[in-house]
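Pulled from Swiss-Prot, these are the features on record:
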- Lys72: active site, proton acceptor (ACT_SITE)
- Ser21, Leu22, Ser23, Thr68, Asn93, Asp108, Tyr232: shikimate binding site (BINDING)
- Glu84, Gly132, Tyr133, Gly134, Gly135, Ala136, Leu230, Gly253: NADP(+) binding site (BINDING)
Amino acid sequence: MPSITGKTKLLGVIGYPVGHSLSPVMHNAALQAMASDYAYVAFPIAPEDLTIAIAGLGASGVQGLSVTIPHKQVVMPLLTQITETARQVGAVNTLWRDGHGWQGTNTDVEGFLAPLLELKQDWSGRTAVILGYGGAARAVVVGLTQLGCPEIIVVGRSQEKLAQFANSWTDPKIKQALQVLPWEALSTVIPKASLLINSTPVGMAPHPKQSPLDQSLVEKLPPTAIAYDLIYTPRPTRFLQHAQERGLVTIDGAEMLVQQGAAALKIWLQQEVPVDVMRQALLHHLEKSA
């Protein structure tokens, strides 16, 4: 680990709690590989302290911040500017200083898209099905719209929350592509899904043997479909295990986590960053913790 001096610049993550965050693992590995005189640390900021903390971190010369739960939405009014992507998602996960205050964006969209873009597929005429309607699903919907996916189906168990999700969008392209359907519709929509995304927490600890879908539903996916789970531990999740048994292409949340972090680090440092180093550091940490 490089030594910290009086000239070392600070980056960090704010959340509450924040001790579980894997961002310091990835970012410090990259900073060390780049021989950059930066350090990335975790700042546990209680909700009632957010306003004073944002001002204080800025006044202290902190260069950039990752934002995690519970601050991703409530921090937005404290910023001088947010990107259109963050506005669409309704949340920020990355902040940087602009001389007047903090600006914000949402790199979850870029993180979600990166492994799909690697596949170099044409998404026009494709159908994507998203399980769940939380904050992660919002980033996925924005990403799929940027990808050019013309049919985006969000499936959930609460009709009220589905209606709220559908009515929360103002972008005409998103409104045109988006449908919301009850969970019971899955058996009808899964056979036409080119991409099936789990944005729910089902399958995470403390219930790693659970899956959001019965295996019988996974078996209804077309043989060319892609299964994408935003969960990154366990690896693979039960949902992705079932998809792998079908011989489907699978993507897990670890790559999204790496890519959203790399996108943030590029903003802060204004240069290319070693994504492979970040990926290796994260996967090594996950293997040790398994």
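Placement of Cβ uses the backbone N, Cα and C atoms for every residue, glycine included.
Among the recorded positions Lys72, Gly132, Tyr133, the ones whose Cα sits within 10 Å of the Cα of Asn93 (shikimate binding site) are Lys72, in sequence order.
Sequence-distant contacts of Asp108 (shikimate binding site), defined by Cβ-Cβ distance under 8 angstroms and a gap of at least six in the same chain, are Val89, Ala91, Asn93, Ala136, Ala139, Met256, Gln260.
Compared over the binding-site residues Leu22, Ala136, Leu230, the count of CB atoms lying within 10 A of a residue's CB peaks at Leu230.
When the recorded positions Ser21, Ser23, Lys72 are compared by Cα distance to Gly135 (NADP(+) binding site), the shortest distance belongs to Lys72.
For the shikimate site, whose annotated binding residues are Ser21, Leu22, Ser23, Thr68, Asn93, Asp108, Tyr232, the maximal Cα to Cα separation is 18 Å. Its own atom aside, the Cβ of Gly134 (NADP(+) binding site) has 14 Cβ atoms within 10 angstroms in the protein chains shown.
With respect to Ser21 (shikimate binding site), the closest of these binding-site residues in Cα terms is Gly253, chosen from Gly132, Gly134, Gly253. In terms of local Cβ density within 10 Å, Ser23 ranks first among the binding-site residues Ser21, Ser23, Thr68.
Take Glu84, Gly132, Tyr133, Gly134, Gly135, Ala136, Leu230, Gly253, the residues named in the record as contacts for NADP(+): the widest Cα to Cα gap among them comes to 24 Å. Report note: the shikimate site is defined by Ser21, Leu22, Ser23, Thr68, Asn93, Asp108, Tyr232, and the residues of the same chain whose CB lies within 8 Å of the CB centroid of those residues, excluding them, are Val13, Ser66, Leu257, Gln260, Gly261.
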